[in-house]
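For reference, the structure is listed below as structure tokens.
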Amino acid sequence: MESNSKTIVWFRRDLRIEDNPALAAAARNGSVFPVFIWSPKEEGQFYPGRVSRWWLKQSLIHLEQSLKSLGAELVLIKAQSTLSALLDCIEAVGATKVVYNHLYDPVSLVRDHNIKQKLGELGISVQSYNGDLLNEPWEVYDDDGKVFTTFDAYWEKSLRLQKEPVSHLPPWKLIPAAGSVKMCSVEELGLENESEKSSNALLGKGWAPGWSNADKALTEFVENQLLAYSKDRLRVGGNSTSLLSPYLHFGEVSVRKVFNSVRLKQILWTKEGNSVGDESASLYLRAIGLREYSRYICFNFPFTHERSLLNNLKFFPWNADQARFKAWRQGRTGYPLVDAGMRELWATGWIHNKIRVIVASFFVKFLLLPWQWGMKYFWDTLLDADLESDIIGWQYISGSLPDGHELERLDNPEVQGFNYDPEGEYVRHWLPELARMPAEWIHHPWDAPLTVLKAAGVELGMNYPNPIIDVDVARDRLMQAIFIMREKEAAANAADANGTNEVVFDNSENVGDSVNPKVVKGKVPCPSSSSYDQRVPSMQKGSTNKKRPNPVEEEKKFKDNWLSCKIKTEGKISKADDDLCSTAESSSMKKQMTTSRNSFSVPQAISMSYDIKSFDGEASSHVKLQNEEEIDMEINSCKNGAIAE
């Protein structure tokens, strides 16, 4: 490689200097032109929520300062098209090469593949790197070359594949490539509007975005909190987890560094015979593994943001009840632990993982609301909103993963309250109307004597709602829904002339049996000069038992499918063959490009019914929620609470 080469370094969700393979490779071989391109139109329905955009803005400011100290300026561009912006940069500096680190969400997979194809056709060298995972999704297979669909099997194999620790040291100096393009300030990107700044100011009191702050947070956790992780991790409220997830999402710390730091501690504790430390490290590494697994599943099954991995919910009679959806969002379900979690989420953009499981389980199992709605709401409101982790979490709760919760499992929020918030401190903090309730009754105030309620100033149905649904009624309705689902499934199977039974969707409406789909390990042909370049999911039809077609023919067909996929802002996809394309445009209408935190959209293509009693009729194909300013009035007293509990 010539030392005078000019390289565009395309930053995305890898906003760090240290252990950044794309930046390190570019810095070794001549001058660099670092660029971050913000294209709201291309984000489609997964346009980030208010708090996530706040974090991105702060992280970019931090990265700007770091690059400037090394001698290069971060070029910020707001564009309609990422490809056009990159072409402008290439022309401006006379660059012959573009480098970036991989992303694995369905929107990015389509966009990146298209950009690589187009740049290659113009003679621009493109190299991409693994800056986000321990193992690439196309590197981990079972002994038959098939995709793992259970976490334990996947993680066991991943750990066996671990290589010697590799870290890319931060460059001590960058040589800037000469040239100029139309750029903007971080304010002009429009990541935060004036109406959002007052709410966002609270976030800065509890969080410090930026890659060097991520490094400090990692050190603090490993040295002072990791040892007690096995004991404290399920304690809701308080600082009981690493709080690294937003840093990991935006790539402000590399997962390799986190893994190696924790693994080193584990080795030392094991040598010392410290079983508590060993267990804590194993549990935390497993949490890292779940993040890896989320990308693995979403890469190999890129329809999972719209459909269940398994077919178990294909005939589930969802209850598209807007009023119940609103009550859940506002923390007005009448179940204190659920409501406290939802109020904290709205006020701070953060909730403990255990609370995420509890509120999601209530959403699906008690209210029978479509899991895609909940997934989208989490995406719009979480500070660490991460599409792949979001998808896996909601499918796990819905029983849509082979090793997920059973669909029949219905956890009682009252019992969970006493398990995870025994003194009621968490509930009291986020539900001030219950602040004077005794611990004995705080998780089930509807059972409290009138004298207790009166002394606590609680008027059920007035200043705090009655339960939105009784536990026993919820259990009966869930069982009824499952019964109807299985009846419909049996009828569909009986009507299937071929007698096939769909178990794992694999980019088609019918795969033959329950055998895990097999993935072609060969690379889809596209211009590249790196053996570690980004690959794309394989696509197959028919029974997974059948012999695979000729790889060359299959790759040609797959390439053609990819090239036909253009990222659009609206429209429907009806054919099963277009599932891969739908990962980019989704079957829902485009989310309105607004920075308001008071509106969001939910996925469209969900078969559901209005009336839980009849389970008949189709709901509106698109749900647009109304302005939720009333939430601010209802939970205003919560907004000054601790941000990062």
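Cβ from N, Cα, C; glycine included.
What TrEMBL lists as domain 'Photolyase/cryptochrome alpha/beta' is 5-134.
Around TYR229 (FAD binding site), the same-chain residues six or more apart in sequence whose CB sits under 8 Å from its CB are THR241, SER242, SER280, ALA281, LEU283, TYR284, listed in sequence order. If you look up TrEMBL, you'll see TYR229, THR241, SER242, LEU243, LEU244, SER245, TYR284, ASP384, ALA385, ASP386 marked as FAD binding site.
What TrEMBL lists as site 'Electron transfer via tryptophanyl radical' is TRP318 (among others).
Around TRP371 (site 'Electron transfer via tryptophanyl radical'), the C-beta neighbours below 8 angstroms that are at least 6 residues distant in the chain are SER308, LEU313, ALA360, PHE363, VAL364, TRP394, GLN395, ILE397, SER398, SER400. The annotation site 'Electron transfer via tryptophanyl radical' is assigned in TrEMBL to TRP371 (among others).
For TRP394 (among others), the entry in TrEMBL reads site 'Electron transfer via tryptophanyl radical'.
Residues or ranges marked as region 'Disordered' in TrEMBL: 515-555.
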Exercise for review: Could you measure between LEU244 (FAD binding site) and TRP318 (site 'Electron transfer via tryptophanyl radical') for me? Cα positions, answer in whole angstrom.
Suggested key: 34
Check your understanding: How do the residues of the domain 'Photolyase/cryptochrome alpha/beta' (5-134) split into helix, strand and coil according to DSSP?
Key -> 64 helix, 28 strand, 38 coil
Check your understanding: What mean pLDDT does the predicted model reach across the domain 'Photolyase/cryptochrome alpha/beta' (5-134)?
Key -> 94
Review point. Cα of ALA385 (FAD binding site) to Cα of TRP318 (site 'Electron transfer via tryptophanyl radical'): how many Å, rounded?
Key: 25
